[in-house]
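Annotated features, as they stand in TrEMBL:
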| type | residues | note |
| --- | --- | --- |
| TRANSMEM | A:31-51 | transmembrane segment |
| TRANSMEM | A:57-75 | transmembrane segment |
| TRANSMEM | A:114-138 | transmembrane segment |
| TRANSMEM | A:144-172 | transmembrane segment |
| TRANSMEM | A:179-198 | transmembrane segment |
| TRANSMEM | A:236-258 | transmembrane segment |
Amino acid sequence: MLSVPALASTGWGNAFGNEVAKGLRDLRSGWRAVLAEMITFPVFYLLIVMFMGRGQLLGELLVPVMIGLAGLAFLHEQVNRVFWGYLGDLQSGVLEQTYLTPLPSAAVVLGRQIAAVLGALPVVGAILATGCTAVLAGGGEVPFAWSVLVPAAAIAVGTCGLALVLCGLTLVFKRIESITQASVALYAIAGGTLVPLAELPDWAAALSRALIPVAPGIEAAQAILLDGATLTDLGAGWGLGWILLQPLLLGALGVVVFHRLERVAKSRGTLGRY
Amino acid sequence: MSAITVTDLTKRYAPNGPAAVDGLSLTVEPGSIFGFLGPNGAGKTTTIKILTGLLSATSGTARIDGLDVARDRAGAMSRLGAVLEGSRNVYWTLSAWQNLVYFGRLKGLRRAAAGARAERLLTEIGLWDRRGEQVGTFSRGMQQQVAIAAALIADPAVLLLDEPTLGLDVAATRAVKDRLRALARDEGKTILLTTHQLDVVEELCDRVAVINRGRAVADLPTRELLAQSRSRDHYELRIDGDADLLLPDGFTAERGEDETVVSGRADDPETLYRLIDAIRAQGRRLHSVDQVRPSLETVFLTLVAEPAHA
């Protein structure tokens with residue numbers, strides 16, 4: 001047996017760091033796919049702006065669409081990275097091995113989430129860089145305020161909650177790829193990414209603000225960057241309180257649902273069955 | 001203290017469904033290789049999954065080194081390594097080195113300790129020079145060796161191996177067998193092994209448990225199990241030509257062009273003598289009468305053909 005000093009004293013840090021490191025190794029080994037997405041997403045962005053502007057890259061569309069699409073791309077990348085990571089591990093039978101750990105499983109799950117957040121950043125960065133370049137090339141000015149990091153962080157936390165729900169469902173029900181894809185598509189339509197929430201029917205806007213992880217954050221980011229609003233006086237949506245509360249609720253829902261479904265999977269024996 | 005203790009373990013996948021494991025109890029002594037046998041669906045993999053904490057039991061307890069898997073999961077997992085059936089067990093997209101360090105840290109080792117242990121294990125299995133290559137590019141035998149090395153990365157006292165030689169060729173099977181023997185004899189590891197390759201069990205295991213329909217039908221030292229079955233005298237008689245005989249209970253005849261082979265169990269010597277008299281009475285020439293040494297395969301087939309003990 002190995003001696004006690006060889007065992008890490010900080011189980012949380014060890015499990016978390018190990019998962020993040022593996023996620024980054026996966027990202028590096030899949031650099032071709034990342035590069036392809038770093039090209040295609042900005043191209044989609046420019047095409048959307050061009051179509052909405054009847055063939056022109058209008059300055060007044062470049063920034064709002066950039067904010068919306070950056071949020072949507074983040075959600076798409078983060079959720080898909082975690083979801084497909086779980087599904088791949090499940091199909092190959094490696095997932096069960098990752099459960100044979102004495103370390104806190106919550107730290108392992110959190111590590112996977114953070115790795116997926118980091119993995120989503122190159123594509124988001126490519127969209128932002130393209131948008132900024134297009135704005136500057138058109139003689140415009142790129143708006144920025146540090147306070148926009150608050151809704152950005154809220155989007156990240158809420159998206160992790162959604163990813164946890166989907167991964168929990170995967171442990172038990174397996175073939176839910178269509179649900180994952182449909183949910184991301186729904187958020188593209190109703191999440192305020194391309195069409196501002198203010199333009200939606202009141203009931204649809206309310207549902208989006210309540211349930212869609214990126215909706216309040218994108219709405220707030222647009223208000224801050226386009227209208228010069230402050231965090232305490234956003235002028236749109238349900239205010240700062242909801243921007244902070246919604247991701248926490250979604251995150252908590254994700255933890256509860258994932259934990260519950262993990263127990264169901266252990267009872268039914270579906271952790272290693274696909 | 002036993003290395004593995006299973007007490008009255010029951011698992012039902014549905015509340016009113018049949019029991020996949022039905023009141024199973026067994027113990028495995030430290031430093032031994034324990035063969036856990038049974039036909040498909042007998043409950044072997046379910047038992048192993050409960051021992052690894054991947055599956056919750058309906059009732060009963062499973063202990064590793066005295067630690068209840070359900071109550072002290074972290075303690076039990078730190079003493080356990082496993083290679084599970086029909087799965088990759090390690091990441092094929094990562095190198096052998098990355099896999100071992102990853103699983104070492106997942107087992108709670110510091111990075112330096114995981115690296116040192118990985119170097120030793122990769123050297124032992126002859127893959128140190130190929131440590132940087134993706135596991136997916138390795139042969140099936142090498143992949144299985146990496147999976148076993150990953151299970152051993154934190155130097156666990158107990159190793160659970162579900163079909164470790166499945167799909168391996170003769171040479172790779174030999175390499176795995178040698179490795180397991182060395183792990184038990186030289187390093188004192190306790191190994192619980194399931195396999196359908198009974199020659200592997202006969203060669204390696206100190207003790208064998210056979211389960212059928214979730215219940216243990218035998219749990220004996222391998223030698224005793226074989227000896228016990230040898231006491232049930234099994235004979236094979238070769239007779240000239242195509243013989244048509246009235247056979248005693250428990251005997252069967254296989255008719256060929258030149259000879260007929262009659263085989264079966266004769267608990268009472270008189271049964272055998274009467275059979276020989278009947279052959280002579282027909283004027284048939286008896287080529288040979290042999291007492292057959294039953295293989296573990298014969299014993300296994302006999303045990304699983306009998307109804308499980310109540």
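Every residue, even glycine, has its Cβ placed from backbone N, Cα and C.
Keep in mind that this is a model prediction, so the values were computed, not measured.
In this chain, the transmembrane segment (A:179-198) lies out of contact with the transmembrane segment (A:114-138); the count of Cβ pairs under 8 Å, excluding pairs fewer than 6 apart in sequence, is fewer than 3. Under 8 Å from some Cβ of the transmembrane segment (A:144-172) lie the Cβ atoms of residues 71, 74-75, 78-79, 82-83, 86-87, 90, 109, 113, 116-117, 179-180, 183, 213-214, 216-218, 220-221, 224-225, 230-231, 240, 243-244, 246-255, 257-262, 264-265, 268, 270-271, all in the same chain and six or more residues away from its ends. The stretch from A:31-51, A:57-75, A:236-258 with the most CB pairs below 8 A to the transmembrane segment (A:179-198) is A:57-75. Long-range contacts of the transmembrane segment (A:31-51) within its own chain (CB-CB distance under 8 A, at least 6 residues past either end) are made by residues 57-58, 61-62, 65-66, 69, 73, 77, 119, 122-123, 125-127, 129-131, 134, 194.
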